[in-house]
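Participant: First, the structure itself, so that you have it in front of you.
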Amino acid sequence: MATLIRSKLSNKLSNAATTVSNKSQAKVSGMFARMGFQAATDEEALGFAACDDLDYDHRQGMQMDILSSDEIGGEGSADGGALEGDSHYQRDGTGPPHSASKDGDPTNELSEVRPKITAWEAGWNVTNAIQGMFVLGLPYAILHGGYLGLFLIIFAAVVCCYTGKILIACLYEEDEDGQLVRVRDSYVDIANACCAPRFPALGGHVVNVAQIIELVMTCILYVVVSGNLMYNSFPNMPISQKSWAIIATAALLPCAFLKNLKAVSKFSLLCTMAHFVINVLVIAYCLSRARDWAWEKVKFYIDVKKFPISIGIIVFSYTSQIFLPSLEGNMQRPSEFHCMMNWTHIAACILKGLFALVAYLTWADETKEVITDNLPPTIRAVVNLFLVAKALLSYPLPFFAAVEVLEKTFFQEGARSYFPDCYGGDGRLKSWGLTLRCSLVVFTLLMAIYVPHFALLMGLTGSLTGAGLCFLLPSLFHLKLLWRKLLWHQVFFDVAIFVIGGICSVSGFIHSMEGLIEAFKYNIEE
């Protein structure tokens, strides 16, 4: 009898312990699942594959519905409405054509959304983004960083190339057959996926805010540099730098009436040619003074107070992550994306390093924030006129992108929009839409007038949004979405980039703000 009682008690205790263990394990697994760092079992992996399969089908159906109905106000899905980034992407015709449907039908309607581009064309777009006119501030970075500044030009190229690749990796997930399928279409989609399920739209809002800040700051920098260049080109004229900025902005007011970028795109080749002429003239003049190069001025120590500003300048000159998902999605052979990123960033690294070093060796401690201000008056006037033309022709691109983000966020989200649509039924721009655009142009003018410091603004923008979009967010998203598939060295790289990027971002932002405060306090001009 005693033996029977002990046996029953033992069984009950064993069952209770097993139940408690299972519940604890379930709670821990659930907690890590919500954090996105779970290690899936075979059954869970099958569940994830099934969910991915259903999610893929749902996205395909939703995108087809949007394309066929051509509705402007995207509506959420039945599972939470977190797919607005996808509908926005397809609605604009900038999304990947998803030529491979689940049944492999080559006649998929989505395949004709937009013509494909080659790897060379994609590389040309990336090159234009990372080798724009903001390289004119790199010699100023060498002034305060010396050889470490040159190292950072190389380091930033390597890191930005890597984060661009891992950002694209976050667009894909494996299906039940182990094949990579593109389930996301934009930076916003990636951010929303990382914040789901608790805050499915938070990540997209963060990315949109960072994107708007960077685009608007880019517009401001174009106005600042236009006023600065004109003032230094004609110093004897009774026109101040602020007045030149106002004149430049008056020429930019027609941007408020832009409905698309067809007219602007015609000037893109002229911008590239102007930039090429500028670089050739500056480098030719520097080479003509090679005998006087001040190699002894290139330091191994840094200016602790101003070098963090240089970090922001260097990072800002490499920003291209925002449009990489769209670019990769429109490539004829997405498998060539990695190779394209490699050679574009290697070329950018070499050209930027040589340009910055040669320019600094020529003027040494007299290097100015915009290097063309160091040129002799005759050459300076010619080069600066090319630069002003390039700046004015480049302004509509970030301006239109910023307006588009604002309109889609606040005016074109259907029932969730904060304000009425900016366009009427006939496609004409309404009065409040035109007011929004004109207000943005005026805002860039006011910022350029009251903060006319090119290098400090560039460093501030690079530290605030450039580091976030290029360093912090891609590494964080990569860890969150692909944690179960990463090797130890990939985890190490991501964590190291996040930590280093965070330190550089905070220090650069603080010192850039201190520089701006000091400039206001002592009325320091450019």
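Each Cβ is built from the backbone N, Cα and C atoms, and glycine gets one as well.
Feature table excerpt (TrEMBL):
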type     : residues : note
COMPBIAS : 74-83    : compositional bias 'Gly residues'
COMPBIAS : 100-110  : compositional bias 'Basic and acidic residues'
DOMAIN   : 116-513  : domain 'Amino acid transporter transmembrane'
TRANSMEM : 147-168  : transmembrane segment
TRANSMEM : 209-231  : transmembrane segment
TRANSMEM : 243-261  : transmembrane segment
TRANSMEM : 267-287  : transmembrane segment
TRANSMEM : 307-324  : transmembrane segment
TRANSMEM : 344-363  : transmembrane segment
TRANSMEM : 434-451  : transmembrane segment
TRANSMEM : 457-479  : transmembrane segment
TRANSMEM : 491-510  : transmembrane segment
Participant: Relative to the transmembrane segment (307-324), which of 147-168, 344-363, 434-451, 457-479 accounts for the most Cβ pairs at distances under 8 Å?
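Facilitator: Ranked by Cβ pairs under 8 Å, first place goes to 457-479.
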Participant: Could you tell me what the rest of the chain brings near the transmembrane segment (267-287), counting residues at least six beyond its ends with Cβ under 8 Å?
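Facilitator: For the transmembrane segment (267-287), the sequence-distant neighbours (Cβ-Cβ under 8 Å, at least 6 residues beyond its ends) are 128, 131-133, 354-355, 358-359, 361-362, 371-372, 375-376, 379, 382-383, 386-387, 389-390, 393-394.
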Participant: Quick test of the contact rule: Cβ under 8 Å, at least six residues beyond the ends. What residues does that give for the transmembrane segment (209-231)?
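Facilitator: Here the qualifying positions are 133-134, 136, 187, 239-245, 247-249, 252, 319, 322, 370, 372-373, 384, 387-388, 391-392, 394-395, 398-399, 401-402, 405-406, 440, 443-445, 447-448, 451-454, 457-458, 460-461, 464-466, 468-469, 473, 526.
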Participant: Tell me if the transmembrane segment (147-168) touches the transmembrane segment (457-479). I count contact as 3 or more CB pairs below 8 A, with pairs 6 or more residues apart.
Facilitator: yes
Participant: As a test: from 147-168, 243-261, 434-451, pick the stretch that has the greatest number of Cβ pairs under 8 Å with the transmembrane segment (344-363).
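Facilitator: Counting Cβ pairs under 8 Å, the winner is 147-168.
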Participant: Restricting to the same chain and to residues at least six past its boundaries, which positions have a Cβ under 8 Å from a Cβ of the transmembrane segment (147-168)?
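Facilitator: Beyond its ends, the transmembrane segment (147-168) has Cβ neighbours at 130, 138, 141, 187, 190, 298-300, 302, 307, 310-311, 314-315, 317-321, 324-325, 328, 337-338, 341-342, 345-346, 348-349, 352-353, 356-357, 470-471, 474-475, 477-478, 493-494, 497, 501.
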Participant: Six or more residues out from either end of the transmembrane segment (434-451), which same-chain residues have a Cβ under 8 Å from its Cβ atoms?
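Facilitator: Sequence-distant neighbours of the transmembrane segment (434-451): 216, 219-220, 223-224, 227, 242, 245-246, 249, 252-253, 255-258, 399, 402-403, 406-407, 422, 457, 516.
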Participant: Going along the chain, which residues at least six beyond the ends of the transmembrane segment (243-261) come within the CB cut-off of under 8 Å?
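Facilitator: Distant contacts of the transmembrane segment (243-261): 223-224, 226-228, 230-231, 388, 391-392, 395-397, 399-400, 403, 427, 429, 434, 437-438, 440-442, 444-445, 448-449, 452.
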